[in-house]
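Colleague: Before I ask anything, let me first share the structure, which is written out below as structure tokens.
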Amino acid sequence: MNKKEKTKLCTGWNNCDYSLKIHPVLLEDDASYHCQVSAADGIPGIRSPPARLTVYMPPEPPIVKPEVVKTTAGMTITLLCISRGGRPPPEIMWVDDATRETIRDGILFTTDKMSDGKRVTVTSRLSFTPKRFHHNSTMTCLTSHQALTSPFSNKVHLEVLFPPEVNLRPRFENLVEGDEASFYCTANANPTNISYRWFHNSRQLHNQSSRTLTLHNISRNFHQNVISCEVSNEVGTSKKNLNIQVVYGPMFRSPPEDVAAETGKRATLKCDVDSNPPPIINWYQLGSRKLLSTGKAFEVIVAPFTTGVYICVASVRGFPDLEGRIRVLVKGPPLIVSSSTQEGRMGDTVILECTTVSIPTPIRITWTYRGRQIDLNDPRYEVLEERQNDALKNLLVIHGADSQDFGPYNCSVVNEYGVARKLITLNREKTIPVFMVAGGCLALILIGVIVTSLVLCNKRHSTDKESPLPEKPPAGNMTSQAHMVNMYEAPSDTNLSNDVSLFTNQHLYHQLTATSDRDAHDLHSLSTDSPSKSVTGMEGNVDRVLTIMEHGDTKCRRGSLNGLCPNGNAMLRESASPNATPDFCTIRRGAKPQCPANSNGRAVHETNLGGIPIFHQNGTTSSSPLNVRHSTYSVSRAPNYGSPLPPPYTRSPKVGSPRGSSSPTGSGTPTLPSSGVHNVEGGSPEAKYIFSPEAMRKPGTLV
């Protein structure tokens, strides 16, 4: 309850202050007040001007409706902010917390007096369209009043549903032709339950429902194409487009074409190339590196020195250059290049060819026969055309040609610059009668049979003449390769005789030393079919001393000793001169002396090898005779045509021993030759020739 008091303050008998004090001030104190002074009786009083007392009442905190708004982006909503009990009316404003800006549009205020008639209620009505970024943001209502030191506020919470906001980007900004292209699609949406669809040039790509799209081996055809990603949720659908940029090398949009013009006229050469980025095109003449021009087109004035081939080179960085060739041709009359004589077969379909080179293309090609034009309405005739580079081949087809169709034909070609004519004669093709063809085939077959028979007979006859090859010795009978002697590879028969070792085991040879007497020495047999025999005084049996042969049978082959057959080697001596000493050259290769065989089928040969010196411990030497007994089996073996024998050269029976007259003649105990191979002194001229360099270089001399 307030109290009003009057106060009086005088400073003189006629100077007083009469003030009114109200404490506490209440709302009902809000009024106009007057000060009135009354005078003495009979004197009228005076009244002061009114004094207005205004009482401020702060408003209550504002109320917002609704407090939480669930809406969809793009839809307009209405928000209320109510301020009550204020005197005078308060000021209300809205603030967008998402943008931190004061909203000035779309606001409507209403003021209503309260029941006391002094206070008011102010309502602010805001019409607002939220966007997707307003999701989870607020709108603030502020009330300001003179009685308040700071404004009151209240907030509206916004929950905004919005369709997906799509962002589409490629994995790489620059896609190169042939690469793998990937595109990523991201979306911001409320609610977040979304689905994806992909499109290529507005055509949906089925089975593509993820946020990533991958295209394999992308081609230049995708350049400037549109890839779209469509994302949907329960609110709506959003779509984003992306133009594809593909980098690719140069390629002709259309192949370069030759140009033709009259002499003195201009001809334009074009090189239409597609690439990204655009190409750099340079022009050259074939055979020259001089740059003539740049760009897609190039003009030349047709002349004899400007005709020929021109080259356009299109270059794009990072790709191989593209080269095109264009010919500059001169227009003129046609030229016929077909043969003037052609052939056909009676009764068959005959084709006459008229090939022309014409720039420009011929206007008309006409066939005439004996001065009359061919009637193409006749089903027997037909005209075909084939384009071959610069030439045009015109074919006149005659079905079922008879005798009247053979003869001279005229082909006429007309173009804008002239006419060309050529006489083409159709001759009848010469044929070979069927009976002659059949007879020739039979003759060839008969000749083949005869030649084959002769070859087979010749081979059989040669097989009968040649000696069979020896059996390969068993592994147990093979000697070391270092001690095997090939009589056909020795430089001379004398060397071959020196190369033959009487000892088959080098270890046994080293047992005969100068300090050790050996009364007996075992000569190992070279054959498993003959047992070794211990000999005394260097006498005994040596089985198959000479078993290393190149061809033929093992029976009585060529030897380097004084005969291989018993009874003094009579068979060998028959082929030599009585005065000649049997040696390596007395038996021709291929000779097959028959040796007598013993009861068990073995051919037995005894050879007296003469004496071999034996060194005793007392320093003396003695000679012991060495008899060699050679035994072989008669083994038959088929000839080996893969290794034919060399031809037996004829030899004079007067040829003496290469060792000269010093060699014993007809003796059964020849002395082993020394290392002097070329010692042919005292020999016959034939022997000297045999061991001469000329004979050595002549194949088959020493046989």
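Placed from the backbone N, Cα and C atoms, the Cβ positions cover glycine too.
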Colleague: Which range, 203-223, 455-475, 518-538, does TrEMBL list as region 'Disordered'?
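Modeller: TrEMBL lists region 'Disordered' for residues 518-538.
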Colleague: Which bits of the chain, at least 6 residues beyond where the transmembrane segment (432-457) starts or stops, bring a Cβ under 8 A of a Cβ in it?
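Modeller: Here no positions qualify.
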Colleague: Is it possible to list how many residues within the domain 'Ig-like' (333-427) are helical, extended or coil according to DSSP?
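Modeller: Within the domain 'Ig-like' (333-427) the tally stands at 3 helix, 57 strand, 35 coil.
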Colleague: On average, what pLDDT score does this prediction assign to the domain 'Ig-like' (59-153)?
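Modeller: Mean pLDDT across the domain 'Ig-like' (59-153) comes out at 92.
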